[in-house]
Amino acid sequence: MSERTLVLVKPDGVARGLVGEVVSRIERKGLRLAALELRVVTRDLAEQHYAEHDGKPFFGSLLDFITSGPVVALVVEGPRAIPAFRQLAGGTDPVEKATPGTLRGDFALETESNLVHGSDSPESAEREIKLWFPNI
Ligand code: CMP
């Protein structure tokens, strides 16, 4: 059964020219692109996207980071797309958790500027896709 997930190439990934690398790995895995857009993230969108982290010590810094430059937002679909993309991304901490061969393991050093975001559950995916792409 096919499912959809919301993927972001974060400002660090766009600034470093790694959009093609991320898209290439998604496509080589066999997942499909259902939407792709370069977006400037407003504070309001960032707050809604990361609402579950409101109150955490890194929340303000995370909002500053995600609004610091354009991101590329994608809807990615395929069988088990949510865990499949999270496997491609690697763990949140690019050094302690993400292993070499994953996007974060290969291309990131910091837990905040960790290159990509992927929805963590079917409920999050539904909420995030509606938030970023209300018309699809
Ligand atoms: P993401 O998968 O987009 O989900 C929440 C984001 O918050 C995460 O990736 C990181 O960018 C950031 N984050 C999570 N934990 C920390 C932390 N301890 N310190 C700084 N940023 C964090």
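From the backbone N, Cα and C atoms, a Cβ is placed for every residue, glycine too.
Quick caveat, the model's predicted, so the values are computed rather than measured.
Here's what TrEMBL has on this protein:
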| type | residues | note |
| --- | --- | --- |
| BINDING | Lys10, Phe58, Arg86, Thr92, Arg104, Asn114 | ATP binding site |
| ACT_SITE | His117 | active site, pros-phosphohistidine intermediate |
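Feature map: TrEMBL annotations on the structure.
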residue: Lys10; record: ATP binding site; Cβ within 10 Å: 24
residue: Phe58; record: ATP binding site; Cβ within 10 Å: 12
residue: Arg86; record: ATP binding site; Cβ within 10 Å: 19
residue: Thr92; record: ATP binding site; Cβ within 10 Å: 16
residue: Arg104; record: ATP binding site; Cβ within 10 Å: 23
residue: Asn114; record: ATP binding site; Cβ within 10 Å: 25
residue: His117; record: active site, pros-phosphohistidine intermediate; Cβ within 10 Å: 22
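Among the recorded positions listed (Phe58, Arg86, Thr92, Arg104, Asn114, His117), Phe58, Thr92, Asn114, His117 have a CB atom closer than 6 Å to some atom of ligand 1, in sequence order. Once the Cα atoms of Lys10, Phe58, Arg86, Thr92, Arg104, Asn114, the listed binders of ATP, are compared pairwise, the greatest separation found is 21 Å.
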